[in-house]
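Student: Found this in TrEMBL, in case it helps:
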TRANSMEM  26-47  transmembrane segment
TRANSMEM  53-72  transmembrane segment
TRANSMEM  93-117  transmembrane segment
TRANSMEM  129-146  transmembrane segment
TRANSMEM  229-250  transmembrane segment
TRANSMEM  271-295  transmembrane segment
TRANSMEM  311-333  transmembrane segment
TRANSMEM  354-379  transmembrane segment
TRANSMEM  506-528  transmembrane segment
TRANSMEM  540-561  transmembrane segment
Amino acid sequence: MEKAAGSPSVGGSYPQKNAEILSSQYGINLFLAGLLLTFAWAVHAVGISKSHLLSYLITLMLIQLLWMLWYLCRSCTQRRLIRDKDTHAGARWLKCGITLFAVITLILDSFKIGYYIDFSNCLSPTEGIFPVTHAMHTILQVYFLWCHAKDIIQSFKTLERFGVIHSVFTNLLLWTNGVLTESKHQLNEHKERLITLGFGNITIVLDDHAPQCNCTTTTLCSIFSQGIYYLYPFNIEYHILASTMLYVLWKNIGRKVEHHQQHKTPFKFHGITVGMIFGLIVLTSTIAIVVVYLIQIGCSKIKSELALTMFYLHAIFVLALMCTAGIVALLIYRLEDRSLDNSKNPARKLDAELLVGTAAGSWLLSWGSILAIICAQAHPKYTWYNLPYSVLVIIEKYIQNLFIIESIHREQEKVNDDIKTLRIVTISRGSTLSLTPSYKEIYNGRAARDSGEVPCLFTGSICGRENGGGGDAKEETSQENSSVMHSASDFSFYSRNSVTNNKRRVLKNIAAFLFLCNLSLWIPPAFGCRPEYDNGLEEIVFGFEPWIIVVNLAMPFSIFYRMHSAASLFEVNCKT
């Protein structure tokens with residue numbers, strides 16, 4: 001009988017599990033087809049042009065646009081229905097971040113439209129259609145995520161799984177396309193710099209996809225072509241954030257949630273002044289270093305070596321501070337006895353997996369640099385700074401991942417109503433007393449109330465008046481004893497509370513400092529300050545082409561790691 005009773009529920013889960021497997025396989029095949037098409041264009045495969053790649057991406061975006069419009073229309077017709085929401089998904093600060101990146105992406109699309117107009121004589125029409133479609137896709141997708149990122153879909157589940165996973169891999173392909181385009185531009189600049197560093201034995205062949213015709217307006221063309229590559233980092237972050245938010249939406253389809261109160265965790269600047277000041281100092285100095293690096297690198301061999309040395313020294317100092325801050329935070333956690341929240345949470349699980357997975361990109365580059373320093377026969381002076389830099393990158397990410405993952409899994413501290421302090425002001429013989437009852441008194445008061453007696457928390461003038469005002473000597477004695485008891489209990493409670501608040505304040509400052517440090521370390525690689533390219537030592541040991549392939553594969557994950565860590569640390573700061 002038990003088996004028969006349990007079989008319907010088990011059988012009912014099979015169609016949904018099959019739909020999840022089928023939709024995921026559909027998305028993977030969609031992505032692999034686009035990835036091969038992108039690779040074929042990148043290596044100038046015969047019969048494959050950029051118009052073929054853009055046509056494929058345009059088709060995917062149009063299909064997603066149709067699905068989002070259908071979902072929005074269906075949601076409007078059912079807006080009166082009460083729907084389950086995942087309170088952990090689609091945080092407001094995350095939506096604000098993706099909106100900022102989307103606005104810059106729209107500026108990038110306008111630059112591409114202007115670039116197409118100036119070179120319209122020799123460019124394919126798809127290069128003009130693509131930015132227009134992409135702009136429409138961006139606007140509708142941001143609106144969709146603002147309104148429905150928290151949805152837990154319970155109807156048309158099979159169809160919605162395919163629609164959401166299509167959106168996930170469409171954004172991943174757009175991310176891949178942006179990464180490849182930006183990497184090819186960085187690679188061309190890197191090849192030109194190698195000559196100034198004295199690596200003339202490396203063959204310099206520029207991979208140029210520039211139009212084979214003259215621009216109608218030279219000044220505008222220069223602005224558009226240069227501006228596009230400075231805006232690509234924001235476009236790349238936009239698509240990877242969109243794909244992660246959509247993936248959480250896909251994982252939530254058909255999910256059964258427990259209805260419990262979700263504590264809001266607003267961001268407050270109060271109490272994080274120290275962390276913000278040190279973080280802003282790091283951010284300002286990093287921007288200055290990047291500007292000097294981009295100006296000096298490639299000018300001459302001496303200036304290039306000085307730029308690399310300056311970058312390594314600054315990065316070593318910042319990473320050492322970050323390691324120290326992370327260790328202090330972990331030690332504070334070891335001193336606390338708080339349980340971890342192991343409940344099912346797709347958003348939190350994805351955050352942890354992305355932290356470890358994307359950190360592997362920079363770990364790969366760091367181990368490559370360490371191996372190159374060990375194996376190289378000649379060592380220019382600036383390359384020795386690369387060794388402590390690479391070691392610190394590995395250690396810092398290890399410590400930071402541990403801190404963030406433990407922070408997002410820690411249960412929020414809940415204050416029991418029974419131990420909340422109560423300020424009761426009483427008037428006794430013309431004087432004002434401010435008394436705070438202890439936990440034991442509140443508990444005893446509650447017990448007395450439950451037994452039918454009227455509780456008397458304070459034996460001061462209130463109780464005296466209720467008893468007719470007699471026995472002044474007893475009242476004064478009881479007031480003195482009560483005051484002593486209250487003072488002792490208050491001192492003990494506030495001492496414990498003070499220690500807890502100090503720990504929380506330190507953790508919030510550490511999270512704020514690490515947040516700004518991760519933003520600072522995102523800026524150099526995102527805007528072309530990449531010593532892994534310009535160092536030159538790794539290319540001699542591993543070979544130019546193999547090392548460039550490794551850098552181009554690992555660098556996007558390293559860049560994303562910093563932005564994702566910053567977002568996670570922002571959440572930690574709000575939660576602490």
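Cβ from N, Cα, C; glycine included.
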Student: Do the transmembrane segment (311-333) and the transmembrane segment (506-528) come together with 3 or more C-beta pairs under 8 Å, pairs six or more apart in sequence?
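Tutor: Yes, the stretches contact each other.
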Student: Using Cβ distances below 8 Å and needing 3 or more such pairs, separated by at least 6 in sequence, tell me whether the transmembrane segment (53-72) contacts the transmembrane segment (129-146).
Tutor: yes
Student: Within the same chain, where does the transmembrane segment (540-561) have neighbours whose Cβ lies under 8 angstroms from its own Cβ atoms, ignoring anything closer than 6 residues to its ends? I mean 6 or more beyond.
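Tutor: Long-range Cβ neighbours of the transmembrane segment (540-561): 179, 183, 187, 199, 202-203, 233, 236-237, 240, 354-355, 357-362, 364-365, 368, 371-372, 375-376, 397, 522, 525-526, 530, 532-533.
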Student: So, taking each listed stretch (26-47, 93-117, 229-250, 271-295, 354-379) in turn and counting its Cβ pairs to the transmembrane segment (506-528) that are under 8 angstroms, which one gives the highest count?
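Tutor: Per the Cβ under 8 Å count, 271-295.
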Student: Short question: which residues 6 or more past the ends of the transmembrane segment (129-146) have a Cβ under 8 Å from it?
Tutor: 54, 57-58, 61-62, 64-65, 68-69, 71-72, 90, 95, 98-99, 102, 105-106, 109-110, 112-113, 116, 167, 174, 238, 242, 245-246
